[in-house]
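Chemist: This is the structure I have questions about; it appears just below.
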Amino acid sequence: MENMKVLLGLICLMVPLLSLEIDVCTEYPNQIVLFLSVNEIDIRKCPLTPNKMHGDTIIWYKNDSKTPISADRDSRIHQQNEHLWFVPAKVEDSGYYYCIVRNSTYCLKTKVTVTVLENDPGLCYSTQATFPQRLHIAGDGSLVCPYVSYFKDENNELPEVQWYKNCKPLLLDNVSFFGVKDKLLVRNVAEEHRGDYICRMSYTFRGKQYPVTRVIQFITIDENKRDRPVILSPRNETIEADPGSMIQLICNVTGQFSDLVYWKWNGSEIEWNDPFLAEDYQFVEHPSTKRKYTLITTLNISEVKSQFYRYPFICVVKNTNIFESAHVQLIYPVPDFKNYLIGGFIILTATIVCCVCIYKVFKVDIVLWYRDSCSGFLPSKASDGKTYDAYILYPKTLGEGSFSDLDTFVFKLLPEVLEGQFGYKLFIYGRDDYVGEDTIEVTNENVKKSRRLIIILVRDMGGFSWLGQSSEEQIAIYNALIQEGIKIVLLELEKIQDYEKMPDSIQFIKQKHGVICWSGDFQERPQSAKTRFWKNLRYQMPAQRRSPLSKHRLLTLDPVRDTKEKLPAATHLPLG
């Protein structure tokens, strides 16, 4: 049992590793370089933004290793959530790292080059690891200590920040310099304010303190007349948001570097310790001019609360002379009935198509089942004046012993099933006519009394000369097609390849209604009505409401009806 647990554990560990090798990730061609200071703790975020609503996960790898960086916090280099931790950074940590974002449908990765730097000789920092920031002369602005928001404690507070200039402590006199959290406010910027500013703090991790240092290259730029900032987004708009969802609102401004861009809600600025709202700042210098920047302040809403629908979120940009604003109003999502309608229409269409296909394939079985199951519940039909359900028209034998299979089918098998098992009433010439009756009168009278005309076809009947040339056939087909409008059913006892030799009327009937082919034998034994031939024939017959005469009635080839003498089944009156 213990060995089985070990084996299952190994399988669970191997499956994710194998899947990592199999997956092919799309790589973003970003040229991202991170400079870290040796022997300092550092935390860096993946440049790719995961979508937690889609189940995105982030995994870090070093170099080309297929093994993810450990999530064990005792490891000097480890991953916590989507962040990569160096506790502390060493020179040998330099190299490139892959950040991979994946879910069940896609995989993205980006390459991050990490360089761990030692301090330059005679300095308390490395000049390669500086972050340039610019302020206008004679204006007010602020220097922001970059990439330190990850060091907030459980109360969402940063450690105390100490400021230095050119490695010497900076005097915060509250006249020219003000220290506010991770920002250094500079009043009335002057040329002599140029230099390298260091923001330093101590961060405690697992009971041990580590230094955190950032170097800002403060560059002064000439005084210039301020241009009015332009808010590109939002534009006084509304956004649908689901309650409890996580969304981002972006304030995109084109203006000066010193323009302040921030969000307000319900008349107040966003508090730094708000449990649901957090701001993130970005700026990008315009390539066309060094005096204009794209300033982006992102408001991250971790959970949309009901009160957020009451008041708009206001994007504010201001400088010493100008104040601009635009708002975003959150609204509840409007139900999208379009998708439901499309889905319902597709389902309905698919259902109809399936039903039509099923009906076409099983049409005969469905109709017969309906007749057998529901005929007793339907109201009785008014009499149509017909006596017979079908008149059987077949080639007459030329002498005794000829066409014995045909006679067996006509006088034995056909009545046995249709009359004996299903109660149909057939008129068969040679069985139901009386001695001495005129053929023309018998045919004319009984075709009119029949609901169907069943024509039986066989091969080798002298080019089918019997069809349409004798008086009986002519009268029967004429009455069925022209005078009475009776439905005609063609039965092939043998496969007939060439219908061109047949009369046009037969060709027309075959083309319009098709033909039913016999597939059984001619043994004189009880027939099963469940074969395809008998089902197709019953389908062409009228709906039967009478009970069958006998489900196992066997007919002889010389039937006697009532007390009158009938003609022998194998001998018939000559036609015409």
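Every residue, even glycine, has its Cβ placed from backbone N, Cα and C.
Annotations for this protein, taken from Swiss-Prot, read as follows:
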- 20-338: topological domain 'Extracellular' (TOPO_DOM)
- 25-115: domain 'Ig-like C2-type 1' (DOMAIN)
- Cys25-Cys107: disulfide bond (DISULFID)
- Cys46-Cys99: disulfide bond (DISULFID)
- Cys145-Cys199: disulfide bond (DISULFID)
- 229-329: domain 'Ig-like C2-type 3' (DOMAIN)
- Cys251-Cys315: disulfide bond (DISULFID)
- 339-359: transmembrane segment (TRANSMEM)
- 360-576: topological domain 'Cytoplasmic' (TOPO_DOM)
- Glu473: active site (ACT_SITE)
- Tyr499: phosphotyrosine (MOD_RES)
Chemist: Across the domain 'Ig-like C2-type 1' (25-115), what are the DSSP residue counts per state (helix, strand, coil)?
Modeler: 6 helix, 47 strand, 38 coil
Chemist: So if I measure Cβ to Cβ from Cys145 (disulfide bond) and keep only same-chain residues at least 6 apart in sequence, which ones fall under 8 Å?
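Modeler: Cys145 (disulfide bond) has long-range Cβ partners Val161, Asp182, Lys183, Leu184, Cys199, Arg214, Ile216.
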Chemist: What does DSSP assign Tyr499 (phosphotyrosine), in three states?
Modeler: coil
Chemist: Rounded to an integer, what is the Cα-Cα distance in Å between Cys25 (disulfide bond) and Tyr499 (phosphotyrosine)?
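Modeler: Counting only the Cα atoms, the answer is 67 Å.
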Chemist: I'm trying to understand the geometry here, so how far is the Cα atom of Cys107 (disulfide bond) from the Cα atom of Cys315 (disulfide bond), in Å to the nearest whole number?
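Modeler: So the alpha carbons of Cys107 (disulfide bond) and Cys315 (disulfide bond) sit roughly 34 Å from each other.
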Chemist: List nothing but the one residue from Cys46, Cys315 whose Cβ has the fewest other Cβ atoms within 10 Å; the candidates are the disulfide-bonded residues.
Modeler: Cys46
Chemist: With a 10 Å radius around each C-beta, find which of these disulfide-bonded residues (Cys107, Cys199) has the fewest other C-beta atoms nearby.
Modeler: Cys107
Chemist: What count of other C-beta atoms do you get within 10 angstroms of the C-beta of Cys251 (disulfide bond), across all chains shown?
Modeler: 26
Chemist: Have a look at the disulfide-bonded residues (Cys25, Cys99) and report the one with the fewest Cβ neighbours inside 10 Å.
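Modeler: Least crowded of the disulfide-bonded residues Cys25, Cys99, by Cβ count within 10 Å, is Cys25.
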Chemist: Identify, in sequence order, the residues in the chain of Tyr499 (phosphotyrosine) that are 6 or more apart from it along the sequence and have a CB within less than 8 Å of its CB; answer 'none' if there are none.
Modeler: Ile506, Gln507, Lys510
Chemist: Mean pLDDT over the topological domain 'Extracellular' (20-338): what is the value?
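Modeler: Across the topological domain 'Extracellular' (20-338), the average pLDDT comes out at 88.
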